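A.B. asks: According to Swiss-Prot, the feature active site maps to 44, 137, 148. Annotation source Swiss-Prot lists ATP binding site at 14, 15, 16, 17, 18, 19, 171, 172, citing similarity to another entry. According to Swiss-Prot, the substrate binding site annotation covers 37-51. Annotation source Swiss-Prot lists domain 'Guanylate kinase-like' at 4-186, citing sequence analysis. What Swiss-Prot records for 2 is N-acetylglycine, and it gives experimental evidence as the kind of evidence.
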């Protein structure tokens, strides 16, 4: 049957990736493990180091990237983000399906590795809905909002590239989007349960 493949979730900020991911990890906590990314940005209120992100300095992160310790990394809004090999190995060491939350640049980088994950893109029903969601967060300035929306538009265009994603989920209703996500991962969930992660 083979061991379960990792899962790469991508999609614009505000599309609902984190919410879907939280639901998946809550419902199947012994099957899925989240690969915690590194970032050089400051923590937002309520974020914990080692749980939401590993918050590191630019110097440390650049040194580790140069040493080849990262599967993928990207720069956004002046901050570095990336997935370290150690973070993925830590999840796999617990016999869990590793879930990575990465941007499109990250997806392209992972395509060059031997990770062979399932690629899933989560997108909002429209850019208007996305703008509404981002405004409700109250964490964006007008400038950063415009940047995020421009990036989202570009991502949504690129996601149509043949062969880039195995599945595109349009998150117009959380329940429907979550059902589609679980459906897409049902084979991997079965494999994981068969190898004794129940």
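Don't overthink the numbers, they just go from 1 along the chain as shown.
Placement of Cβ uses the backbone N, Cα and C atoms for every residue, glycine included.
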A.B. asks: Just to confirm: which same-chain residues, 6+ apart in sequence, have a Cβ under 8 Å from the Cβ of residue 43 (substrate binding site)?
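C.D. replies: Once residues fewer than 6 apart are set aside, residue 43 (substrate binding site) is near 49, 52, 53, 55.
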A.B. asks: Taking each of 37, 44, 45, 51, 137, 148 in turn, which of these recorded positions have a Cα lying within 10 angstroms of the Cα of residue 14 (ATP binding site)?
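C.D. replies: Near residue 14 (ATP binding site) by Cα: 137, 148.
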A.B. asks: Where among the binding-site residues 41, 51 do you find the Cβ with the fewest other Cβ atoms within 10 Å?
C.D. replies: 51
A.B. asks: So what pLDDT does the domain 'Guanylate kinase-like' (4-186) average out to?
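C.D. replies: Mean pLDDT for the domain 'Guanylate kinase-like' (4-186): 93.
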A.B. asks: By the DSSP assignment reduced to helix, strand and coil, which category contains residue 19 (ATP binding site)?
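C.D. replies: Assignment for residue 19 (ATP binding site) reads helix.
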A.B. asks: Give me the Cα-Cα distance between residue 45 (substrate binding site) and residue 172 (ATP binding site), rounded to a whole Å.
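C.D. replies: Between the alpha carbons of residue 45 (substrate binding site) and residue 172 (ATP binding site) there are 27 Å.
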A.B. asks: In whole Å, how far is residue 18 (ATP binding site) from residue 39 (substrate binding site) when you measure between their Cα atoms?
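C.D. replies: Per the Cα atoms, residue 39 (substrate binding site) and residue 18 (ATP binding site) stand 16 Å apart.
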A.B. asks: Find, for the listed binding-site residues 14, 16, 45, the residue with the lowest Cβ contact count at a 10 Å cut-off, counting only other Cβ atoms.
C.D. replies: 45
A.B. asks: Give me the CA-CA distance between residue 18 (ATP binding site) and residue 148 (active site), in Å, as a whole number.
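C.D. replies: The separation of the Cα atoms works out to 16 Å.
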A.B. asks: Of all the recorded positions given, namely 37, 41, 44, 51, 148, which is spatially nearest to residue 15 (ATP binding site) at the Cα level?
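C.D. replies: Closest candidate to residue 15 (ATP binding site), judged by Cα separation, is 148.
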A.B. asks: According to DSSP, folded down to helix, strand and coil, what is residue 148 (active site)?
C.D. replies: helix
A.B. asks: 10 Å Cβ neighbour count around residue 17 (ATP binding site)?
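C.D. replies: Excluding its own Cβ, residue 17 (ATP binding site) sees 23 Cβ atoms within 10 Å.
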